[in-house]
Structure formats: C-alpha cells, structure tokens
Amino acid sequence: MAAVGRVGSFGSSPPGLASTYASGPLANELASGSGGPAAGDDEDGQNLWSCILSEVSTRSRSKLPTGKNVLLLGEDGAGKTSLIRRIQGIEEYKKGRGLEYLYLNVHDEDRDDQTRCNVWILDGDLYHKGLLKFSLDALSLRDTLVMLVVDMSKPWTALDSLQKWASVVREHVDKLKIPPEEMKEMEQKLIRDFQEYVEPGEDFPASPQRRTTGAQEDRGDSVVLPLGADTLTHNLGLPVLVVCTKCDAISVLEKEHDYRDEHFDFIQSHIRKFCLQYGAALIYTSVKENKNIDLVYKYIVQKLYGFPYKIPAVVVEKDAVFIPAGWDNDKKIGILHENFQTLKVEDNFEDIITKPPVRKFVHEKEIMAEDDQVFLMKLQSLLAKQPPTAAGRPVDASPRVPGGSPRTPNRSVSSNVASVSPIPAGSKKIDPNMKAGATSEGVLANFFNSLLSKKTGSPGGPGVGGSPGGGAAGASPSLPPSAKKSGQKPVLSDVHAELDRITRKPASVSPTTPTSPTEGEAS
C-alpha cells in the first residue's frame, strides 16, 4: 500500500502512470482541482484506484503466458530434433539421448512481448519412456501439446508408430492420477475446440485478444455439430499434432518401390482416421526442402498461445498436406477412396503397405596379392610333392604342331646325337622345377644317351654302320637326305625310322641284349 500511496501524489508518479493520466477526463478533473485532496470527494478517489487497478490487471493478462510445453515422440531417425532445430534456424547440432530439452522463442509483435516455449524430445527407444515424468506432470498437463512424428521415408512403419506412442502417452497420463473432474474438463475442452473450428476467412482481427472475444461471441450464436462415430474416440485431453517428416522421399518411393498415387492416398486416409480418433491435426513436412516448417511453428503458437493464423487446409499436394484439428471428417476422407483403382477401402494397412525386401549387395571379396617370393616358395613346395616322372618317358608339355615337334631344332638328328655326351640310362631324373621346354630337351637327351650306351656296351658287337663303337659316325651317312635340307625341321618319324633300321640288323646288335624299356616306348 506504500507504493499505492506514492501513486496518489502525482508529483512523484512513475513515468508510465504520469503518461497514462496526462490526458482524458480524469486528467481534466485533476487539473481543475476537483479530484484533489482538498475536494474531499471519496467517490472520485475510489474511481481513481479502480482505474489504476483495472489497467494493471489488463496489462498482466495481455502478457504471453509462460510454462507452455511441446512433447515430441517418435521412432529413432524420424527427424524430431532436426525439425525443431530447423524451426530454431540452427543448421549444425548434436542429437541428444534420453530426454532432450530445447525451446522456441515466441514473439508477439502486436503486444511487443516475447516468451519461451519448452520443447521436450523423448528418445525413440521405449526404454526411456520413464523419463516422461520430468516433462509431463500433473501441473504441466494443461499447458502441453503432444507432437507425434512419423518417418514418411518408411511409410510401412507409420501406423504402428502412431499407435505405439499414443498408447505411451495414454499410459503415462493414467499414471498421473488426475482427478476425474479435472480430466473430464480437459476432454470437454478438446471436444469443444474440435467442434467450434471455423475455416479461416479473409477478415481477421489484428489482436489475439479481440479475436478471442469475437470468437466467443460467435460461439454463443453458432450451432455446434455433433461428433462423428469415429471422432475423438481416444480423447487424451491434450491437443495432438501428427507431423510426417521426410516427405521428400515420396518421389523415391515412386521410383524405387513402384508406389502410385493411390498408395499415398491409402496411407493418408489411414493417418487421417487415426487423427480423427485423437482429435489431432496433420502436417506433412520436409526439412530437406524446408517445406511446411514454419507452418508447424504457427500451429504450435496458435494452439498454445491463441495466435491467429490464416492458413486453410491443404489436401491437394501429396507431399504438403495440412489438416487442422476440427476440419476433417469421414466424408472428406472418403474422397480419397474414390481414387482407388486396385486397392479397396477395407484392405488392411499392413497387407498393402509392406516393408520391401532387403536387397543384399554381393560384394566381391578383395584378393590381396602375395609377395612374389612367398608365392614361388609355395609353388616349389607343391611341385616337390608331385611324384617324379620316369627318366625314359618323353613328357612334352608344349602343344604339338601337326607334322613335327615344337622344340625340335633346325638340324639333323645325327648332330643331336653327336653333341650329347654318353650318360647311363636312368641315371638322370627330371627336375620338377624345370620348365616345359627344358624338360623336353632333357628327355630327348636321355633317350639318345640310352641308345649310345646300349650300342657301346654290347659284348663283341661291331659298331653300327661298320665303325666300332662309333654310333654317331655310322648313323650319320644313313640318315634320309630330306633331314639335311636347310629350312626343313626334322620330324619324329625320322627318329623312328632310324631306330627301326638299327633293330633290323642282326649282325650289328647282339641277340642277347635286352630291349630297353625306353626304346620300346619310343618305338
């Protein structure tokens, strides 16, 4: 009362009050002295205090309320934090865990007032649903808007996600043990707001106060229509907003999963039926394309602070749908069913909107090249394990050319025989590490050495062709003349012919000499 006493002495009045009473009939009375203490008029004094108290109470009511809350629920990766950060205008951010707290700045230009709206984001894991007690309690229940976020890039999870998180809210509200009378009042308010929805017109009052007053006057004269059979059957007592994020993925669903317009109408019809049951609004958004982001903010401040908005319902664009609470009904949803060609109204959502099969990409195993020395050591160990080939068996790994050997040099057989020193038959084994060409030459050398050793080792036998012990000199004159022509390669048939000629001479070869297995194989 001391402060009020100081107000009574207008010489020491605060600047705000001095300007308030600087004009008007009350100021005129004060200037004339009729309202001063000398007049002694108690009635005028009471009028003065009434005007002051009325002005103060009006200003306090016009301020934006504090303690309003928005609670976001949805699956992991649905874009809850991204949505709020985009509304805030923040590009870079870090996602929280458990229960995340953010806020929105709310500014009223008409009254030049601002406040903050609390935003609570619950983690998509049901393990964290116990944290709801910190964001939604019995005191803040009346001042809370529930936002259910759905990922439209995965439409097959939309309906299950909405039902799951709505049941989480229902379960939590029941645990708060709100008095039945208070809960009934909240439910009736939600029904009344739904029934009294008016389509935005062209003429809107500039001030939210006047809009509220005008709306109350219109409500007294208007006739409230009854609710539909499927409307507000699951009344939470809280305003609900369903936000479908990532609607830019609709084009991807059309290209990759063969979605058509009737599929998107089918999805929208089921989501709108869910919204009717909870009295919720529906907004399709895209953070990537910045679509309907500001619309979400405007709807929040309209529901929590009574701000006006002039945005009508939008149902034509399949990726920018906006349906405010109270606008929709079963007949309007039935318009979507008229576009069905292959689908039916009674089809189950899970049977039509199914999760596509996961395509497993077959990645070829990367082959790492071994070190050259390691590779050669392994190859050597493999060749060493193979059984050795018989010394006299001609093994030729090279492909044969018709009419001759691929490695036969351009010289006569006699020169080959003469150039090789005599080695006992079977005394030389083929090296498994030797290349194919070297192996062929070694087999031929062993073959001719076995012939020479047999001829020189015969007891008392004269040399072939009249020269004792000189097989090479005796064999040279008897070769066919065709083998000595320049440019002509000797063939294997010449060798067989020479061997046949040697075996036909009984005088040159001893009958007791056993035939070499190598010679038999070669013949």
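Backbone N, Cα and C atoms are what each Cβ position is placed from, and that goes for glycine too.
Note that the coordinates shown come from a computational prediction; the quantities given were computed from them, not determined experimentally.
As annotated by Swiss-Prot, ATP binding site applies to Gly74, Glu75, Asp76, Gly77, Ala78, Gly79, Lys80, Thr81, with the evidence given as sequence analysis. The secondary structure of Gly79 (ATP binding site), as reduced to three states from DSSP, is coil rather than helix or strand. Other C-beta atoms found within 10 angstroms of the C-beta of Gly79 (ATP binding site) number 25, with every protein chain shown included.
The compositional bias 'Low complexity' annotation in Swiss-Prot covers 412-421 (among others).
Among the features that Swiss-Prot reports, compositional bias 'Gly residues' is placed at 458-473.
Taken from Swiss-Prot, the feature compositional bias 'Low complexity' applies to 474-485 (among others).
Taken from Swiss-Prot, the feature compositional bias 'Low complexity' covers 506-523 (among others).
According to Swiss-Prot, the phosphoserine annotation covers Ser207 (among others).
Taken from Swiss-Prot, the feature phosphothreonine applies to Thr213 (among others), supported by similarity to another entry.
As annotated by Swiss-Prot, phosphoserine applies to Ser398 (among others).
What Swiss-Prot lists as phosphoserine is Ser405 (among others).
The phosphothreonine annotation in Swiss-Prot covers Thr408 (among others).
Residues annotated as phosphoserine in Swiss-Prot, with similarity to another entry given as evidence: Ser412 (among others).
Residues or ranges marked as phosphoserine by Swiss-Prot on the basis of similarity to another entry: Ser419 (among others).
As annotated by Swiss-Prot, phosphoserine applies to Ser421 (among others), with the evidence given as similarity to another entry.
Residues or ranges marked as phosphoserine by Swiss-Prot: Ser427 (among others).
The phosphoserine annotation in Swiss-Prot covers Ser486 (among others) and is backed by similarity to another entry.
Under the heading phosphothreonine, Swiss-Prot lists Thr512 (among others), citing a large-scale study or a structure entry as support.
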Neighbour tally for Ala78 (ATP binding site), based on other Cβ positions within 10 Å of its Cβ: 25
ATP site shell beyond Gly74, Glu75, Asp76, Gly77, Ala78, Gly79, Lys80, Thr81, criterion: Cβ within 8 Å of Cβ centroid: Gly124, Val149, Asp151, Thr245
Residues satisfying Cβ distance under 8 Å from Thr81 (ATP binding site), sequence separation of at least 6: Tyr93, Lys95, Gly96, Glu100, Leu102, Ile121
Other CB atoms, at most 10 A from the CB of Gly74 (ATP binding site): 25
